[in-house]
Protein chains: 2
Amino acid sequence: MARTASLSGFPEWLPQERLVELHVLDTLRKTFELHGFSSIETRAVETVGQLLRKGEIDKEVYGLSRLQDDEAPDASTLDKHDPHALALHFDLTVPFARYVVENAGYLAFPFRRYQIQKVWRGERPQEGRAREFTQADIDVVGDGELPFRYDVEIALVIAEALSALPIPDFRLRINNRKLAEGFYRGIGLTDTAGVLRSIDKLEKIGAAKVAELLKSELGASDEQAALALQLASIRTEDTSFVAQVRALGVSDDLLEEGLSELEQVIEAAVHRAPGKVIADLSIARGLDYYTGTVVETVLVGHEQLGSICSGGRYDALASKGNRTFPGVGLSIGVTRLVSRILSQELATASRSVPTAVLVALNDDQSWSAAQDVAAQLRGRGIATEVAAKAEKFGKQIKFADRRGIPFVWFTDDDGKHQVKDIRSGEQVDADPASWAPSAEDLHVRVTTT
Amino acid sequence: MARTASLSGFPEWLPQERLVELHVLDTLRKTFELHGFSSIETRAVETVGQLLRKGEIDKEVYGLSRLQDDEAPDASTLDKHDPHALALHFDLTVPFARYVVENAGYLAFPFRRYQIQKVWRGERPQEGRAREFTQADIDVVGDGELPFRYDVEIALVIAEALSALPIPDFRLRINNRKLAEGFYRGIGLTDTAGVLRSIDKLEKIGAAKVAELLKSELGASDEQAALALQLASIRTEDTSFVAQVRALGVSDDLLEEGLSELEQVIEAAVHRAPGKVIADLSIARGLDYYTGTVVETVLVGHEQLGSICSGGRYDALASKGNRTFPGVGLSIGVTRLVSRILSQELATASRSVPTAVLVALNDDQSWSAAQDVAAQLRGRGIATEVAAKAEKFGKQIKFADRRGIPFVWFTDDDGKHQVKDIRSGEQVDADPASWAPSAEDLHVRVTTT
């Protein structure tokens, strides 16, 4: 089913595949709104100056230039040093931070928003990575301060949202930067960002090579490297990680703060999202500017897919003069999820079109009467099409079958109505003012296979 | 309410404005699906070669180039003559045509699809025109042939969709290229495309100047120019345009075909969308490649806004070898509509957030119990937030008020529940397993003002 994209890195879905994606998007939206998150969208472009605000961009960015620029007949050029030059956003966090600063006077804080949009990364095509994909982000952002409880809440909302999707079992793997940084400081490793970057490579290069890195690049002793790796090996489904960390005998105020924060998240998750959330002290999220909670998420049995939902806490998501906006948020990789659902046929749509009923034509003059029947059905929420040509009934039924429409409606010359379930062949008398398909057939359903 | 965009031509909405846009998008989607249109999305980018397929692009296009292109440290450059270069799509018709050709083997024809996406045009900023905006397109495309009835149906679906929106009254102004071209040919004007382009300027420059154009540029005689303008002055709410055209005494086969087609559309519309559709023989859509039905739509009282929905019939929307795919479709300018609704406050959302209920905290220990209440309410579809801090009740109520949440839930130390409507001040006993707000308060409603 999943075909090769005609342009590498830019996936497109067939209509029946799109139904699966729509189901995922609708489910996420419904969950987010039930938890009081407001929808926003930001423009697809940011200025290069905005994208560079936090220094180097480690993501590949597409710059924009006008093709009809008359001054450059052969090529259109983008000056990379012009802060006003435009580029496509590569995530939804940078645009959201700008939006919050620009609209702070119009927003009620803590501001809860979800944002489901495409983002672009100008990856080299040969890497075969997606260059256009959809992300679904939720964040809560405060004005000056943001209670830690939102960290707990965000994790629970995401666990609930993912549980509602037609995907395999998943695990939110949660750590806390304060815990990790406090621990490193407590054992005398002061370049905590450097240690995090090394630990971040654990899954890729293994413990032995990370130990080497810690020693060669950060001057760690054997014992320091061993302790850092011991911390990163802790993984618990409950709050027992606290005792395991304490058993390593390191004391530091920041470590204590991080332990307490992570404990709150795990404690709530054990109760409210049992089995879905684990404390995983190897999670580092090396290059990002998180300051507390950090999260990655794997699909069980699909770990090599990478994280399908990541994020965490920023003490300063944005700032405006001396006003800072702390935030906590998570981002779901919708395209990554949907690609996997489709390529491995983890879920399918119950039919390939929204239409439940095709109204057949007796003859060419009956089109208007057929539209009357269709309007009655639609008025009661039943998606209905009218045949365009009065072909033989067999052909009209075949047309419905080919399109995946389950019911065909017939009206004879005396105005008697019948409806046929073309799957079973059963044909019954029906009244357009009251007939309805079963709840199962009313709308397209997407279910795990 | 509607503020200036921080980047000219790239509008962004506040959360309460976005609720109005979401309502518009949801309403369109619902109508399209009820009529059996399938959703698709295409990638935001096309190759320059694809965009140039029909010759010159008369739209301004944004080209893409990788900012991190190491070979060009100061500027990133796009070769305009490279057909593989990437650019953002400027409409949804060109991408849809490509999609149909690429996926023809997987689609059931006639293929009905809707597509709601952003498009980009690299207009000069000083013109103050939108550079990013959302379009909502429906098209039906056939393989080889497409019955004319779909032209009738598309107009009716759009009239139904627009009628469901919180917008002022509108008129679909419909003409037919065959009618116009046959007429011009019948009076001896053979450059029918040239005449159409001149007639297209009627609203901008007036009849006298159009007559001059027809004479100076197309060699029309006084009589020919007068006849062409007489045709363009015909505008009827019913099929009486047929008699008015006939009274001009021109005979031509193509003219007859066009008259008959337009008559079918108007006849159906008089019955099914009374007052919404008119035959307007001035509609030309000069630069586009339509071959039959052509449509523009105005909001009554907002005519200067321009067309909010345009389109028509293409005999060859796309082709693949000797296979052609005729299509008929219409495109709604969602951003243009929403901008107008917001700037003139034509409709508003009943509240500014999805949340119906805020669960207040008695003390910091009651957060978990409050989450239990919230989960019960959400389980019954009631959007609910939990306060993050156990502030004084007055402060928690003020927080709800500031966010636009209508109800606050209290649970006392004995587990007794009460809910307060903070608009009326009324507070009543309530059971989290059964209490619900009124249907009016359950979801955000968007209504015309």
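Including glycine, each Cβ sits where the backbone N, Cα and C put it.
As recorded in TrEMBL, the features of this protein are as follows:
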{"type": "BINDING", "residues": "B:Asp91, B:Leu92, B:Thr93, B:Arg121, B:Gln135, B:Asp139, B:Arg285, B:Tyr289, B:Tyr290", "note": "L-histidine binding site"}
{"type": "DOMAIN", "residues": "B:110-354", "note": "domain 'Aminoacyl-transfer RNA synthetases class-II family profile'"}
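DSSP assigns B:Asp91 (L-histidine binding site) to coil in the three-state reduction, outside any helix or strand. In the three-state DSSP reading, B:Gln135 (L-histidine binding site) counts as strand. The Cβ of B:Arg285 (L-histidine binding site) has 18 other Cβ atoms within 10 Å, all protein chains considered. Maximum C-alpha to C-alpha distance over the listed L-histidine-binding residues B:Asp91, B:Leu92, B:Thr93, B:Arg121, B:Gln135, B:Asp139, B:Arg285, B:Tyr289, B:Tyr290 is 22 Å.
Contacts of B:Gln135 (L-histidine binding site) defined by a Cβ separation under 8 A and a same-chain sequence distance of 6+ are given as B:Asp91, B:Leu92, B:Gln115, B:Ile116, B:Gln117, B:Lys118, B:Val119, B:Ser331, B:Ile332, B:Gly333, B:Val334, in order along the sequence. For B:Asp91 (L-histidine binding site), the count of additional Cβ atoms within 10 Å of its Cβ stands at 16 [all protein chains shown]. Proximity of B:Tyr290 (L-histidine binding site) to non-local residues of its own chain (separation of 6 or more, Cβ distance below 8 Å) is seen for B:Arg177, B:Gly312, B:Arg313, B:Tyr314, given in sequence order.
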